[in-house]
Amino acid sequence: MDRGTLPLAVALLLASCSLSPTSLAETVHCDLQPVGPERGEVTYTTSQVSKGCVAQAPNAILEVHVLFLEFPTGPSQLELTLQASKQNGTWPREVLLVLSVNSSVFLHLQALGIPLHLAYNSSLVTFQEPPGVNTTELPSFPKTQILEWAAERGPITSAAELNDPQSILLRLGQAQGSLSFCMLEASQDMGRTLEWRPRTPALVRGCHLEGVAGHKEAHILRVLPGHSAGPRTVTVKVELSCAPGDLDAVLILQGPPYVSWLIDANHNMQIWTTGEYSFKIFPEKNIRGFKLPDTPQGLLGEARMLNASIVASFVELPLASIVSLHASSCGGRLQTSPAPIQTTPPKDTCSPELLMSLIQTKCADDAMTLVLKKELVAHLKCTITGLTFWDPSCEAEDRGDKFVLRSAYSSCGMQVSASMISNEAVVNILSSSSPQRKKVHCLNMDSLSFQLGLYLSPHFLQASNTIEPGQQSFVQVRVSPSVSEFLLQLDSCHLDLGPEGGTVELIQGRAAKGNCVSLLSPSPEGDPRFSFLLHFYTVPIPKTGTLSCTVALRPKTGSQDQEVHRTVFMRLNIISPDLSGCTSKGLVLPAVLGITFGAFLIGALLTAALWYIYSHTRSPSKREPVVAVAAPASSESSSTNHSIGSTQSTPCSTSSMA
């Protein structure tokens, strides 16, 4: 057996050989008191929210989610991740996320490939990195009006109130609620739609069990019942700083009957749980637990019965999906290894890296402006003694709530190139002996040119302005001269076919729209590329169209205020397959008319021959006159009473006109 699996294998053996518990009649004397973070810390991820709702809107074009976030004081940092899986090979529908906060937030947003529209208050939310999504300014409304504002744009799929979150995971397309309308209700379980981790760790308490000798310690985790009673698996990660070979810890897990446990521990431990449990190294091996008391006093009695002399951690949590326990010692003994050398600054000292990331760069009227808000500086506990450009004579102005540094492109040491104006922001901090420096840039938009090109092959060599239905087309967007400090991204594209064909969406929210639109790898110079396949399923086919794409130049590092958006377009000619002259792809019009006339002539000759044979083989006595009967009037009208449909088109549609 591998040595890495030996400790947990021993723990598994101990758990399976444990005796069933018996209740203690005597009162357990153990005064639970808060334990400092140096002795133990418990963090958790949960789907329980103070107020929330989940509703189903399967036919909605826009999936709407609303988050109300309450933070205690000052600016906070938040990680927000959106997850979505492809459905039938295509990206999910468009998403509107409404973000309402009560104070300043540094937001790290991850929504890769999701067609996201973000509504937020730009004066309170600061992105640590450019978001790369469509944004909308959120009006300053109370909660009820924000919900109404969001509902006007589409049925709300989920809404939740969270108190001081550190990270949020929002899963799209996972709504399992039975409601058709989302209305906030107290103490809700968001299920798989939303999980979040509170910033403040759970309250950890501990005590000494009287009358028990030895050094065995107990870690007790009590998970409280949630709003829903569906089966749940709680992953419990335990990390104890114990010497290898020690076997003096017991883990007691108590929860509702529908909760099972998946244990991931780095140390040999005796396991005592309700429900069923398994170990991470043997996830398929489920072990039946015991019936344990559901009160703190009863669980302390279990710990004493298991000969634990110390309750190192006692934690009560809402229904969680992941719980992490970190304890600095084991068995009641002090840690013998030397204390680790501190390599990161304490939380109450200034972080120069984060401070420099808060400098906002604005470019307008042939001038560069740097802005640094004092509120954010104070929250980081930084004391600034100076903010200048590379030229120290160009100093920032103190405008009450912010520092503002402004200069024309022709002064303060600006470096002007064909595509960019560059300088350096220099910040002097009281706690640092050397100044902090950061490169700042402005784009010279007068010198930039955006081009949209259509190609007939994936090699992008032969440019064209003609597309043919059923033939794949390749598109590339370029900016010249290239700007290495900025990233060129494709936000949206559509093909306008006029009143006959309407508009065909190709790309929305940086995601392919349809299963025959493919986002390709960028060119070696970083130019975005994609391909599409177009079919028409009614006639007549339009002869021209306009391909329009919206692109964005986003800084690889820095503020989203420097983003530049442009729309480029090109006129396209559309060749109908039956007029292309390529006989291998279909018969041209003269050939069709010739075949039709030939078939008519052959049919007429055969009919005449049959009539001649019939008339000459019958006896004269049986011949009867032929009476011509006029066809009903309705037959003539029915042959011409057909509907003429308008032209419709779609990327990769397989329908055809009968």
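Any Cβ shown, glycine's included, is placed from N, Cα and C.
Listed in Swiss-Prot for this protein:
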TOPO_DOM  26-586  topological domain 'Extracellular'
REGION    47-199  region 'OR2'
CARBOHYD  ASN88  N-linked glycosylation site
CARBOHYD  ASN102  N-linked glycosylation site
CARBOHYD  ASN121  N-linked glycosylation site
CARBOHYD  ASN134  N-linked glycosylation site
CARBOHYD  ASN307  N-linked glycosylation site
COMPBIAS  626-639  compositional bias 'Low complexity'
MOD_RES   SER646  phosphoserine
MOD_RES   SER649  phosphoserine
For the glycosylation sites listed here (ASN102, ASN121, ASN134, ASN307), tell me which residue's CB has the most neighbouring CB atoms inside 10 Å. ASN134
Can you tell me the mean pLDDT for the topological domain 'Extracellular' (26-586)? 84
With ASN307 (N-linked glycosylation site) as the reference Cα, tell me which of the glycosylation sites ASN102, ASN121, ASN134 is the closest one. ASN102
If you measure between the CA atoms of ASN134 (N-linked glycosylation site) and ASN121 (N-linked glycosylation site) and round to the nearest Å, you get 14
At the level of the C-alpha atoms, what whole-angstrom distance separates ASN121 (N-linked glycosylation site) and ASN102 (N-linked glycosylation site)? 10
